[in-house]
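Asks: I'd like to ask you about the structure that follows.
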Amino acid sequence: MNESLLTQFGNSLTRVEKALENLKNGKGVLLVDDENRENEGDLIFPAETITVPQMAMLIRECSGIVCLCLTDEKVKKLGLTQMVSNNTCTYETAFTISIEAKEGVTTGVSAADRVTTILTAVKDDCKPEDLCHPGHVFPLRARAGGVLTRPGHTEGTVDLMRLAGYNPAGILCELTNPDGTMARLPQIINFAKKHNLTILSIEDIIKYKEIVT
């Protein structure tokens, strides 16, 4: 990670604190990983406060593959099996089967329908029978221990939601450029400035958890 590019947003602890404040206010933040890993930035929002305009932004500005990051406990409670039994993905991204709300949606693909699906899934009393499969929202199972166990966007998202006082469930989608290529750090920073978003790295969260928690 080119730390010098991020210093304009403060030091590691300041960036995390700014991100947590924005999340507490229902705003999104941009989370980047190491250049030697995926080298991508994800736009993330708290799952329990996601709005239709925010979902539309995720669909419009990002890859369109909107993911719901959940704890292993929640994944089991919802009866979500892993998408594949043998995960050969380079970074072992833990996709479960996709989901749709059983009620309150049409085709499931619109911004409003995806919000309905997410708000249904993150309810404390949501049961497996409240969801159907396949769907247009893609749950990801975070590893226990968060970024200290796996330095991924999934774990970073769940960690940030916990630290912000939410239930440990968040939305992420990878930021892309207008031509469809993946946004790298310079483009991610420009996007953050344009939309007045906080940016932080997974390494920032690791440092924060080691020092503060």
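A Cβ is built for glycine as well, from the same backbone N, Cα and C atoms used for every other residue.
Quick paste of what Swiss-Prot says about this protein:
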type: BINDING; residues: R37, E38, D42, R150, P151, G152, H153, T154, E174; note: D-ribulose 5-phosphate binding site
type: BINDING; residues: E38; note: Mg(2+) 1 binding site
type: BINDING; residues: E38, H153; note: Mg(2+) 2 binding site
type: SITE; residues: H136; note: site 'Essential for catalytic activity'
type: SITE; residues: E174; note: site 'Essential for catalytic activity'
Asks: Quick check on the recorded positions: of H136, H153, whose CB has the lowest count of neighbouring CB atoms inside 10 Å?
Replies: H136
Asks: For each of the binding-site residues (D42, E174), count the other CB atoms lying within 10 A of its CB, then report the residue with the highest count.
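Replies: Comparing the binding-site residues D42, E174, the most crowded Cβ belongs to D42.
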Asks: Under a three-state reduction of DSSP output, how is P151 (D-ribulose 5-phosphate binding site) classified: helix, strand, or coil?
Replies: coil
Asks: Between D42 (D-ribulose 5-phosphate binding site) and H136 (site 'Essential for catalytic activity'), how many Å separate their Cα atoms?
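Replies: Spelling it out, the Cα of D42 (D-ribulose 5-phosphate binding site) and the Cα of H136 (site 'Essential for catalytic activity') are 18 Å apart.
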Asks: Can you tell me how many other Cβ atoms are located within 10 Å of the Cβ belonging to P151 (D-ribulose 5-phosphate binding site)?
Replies: 18
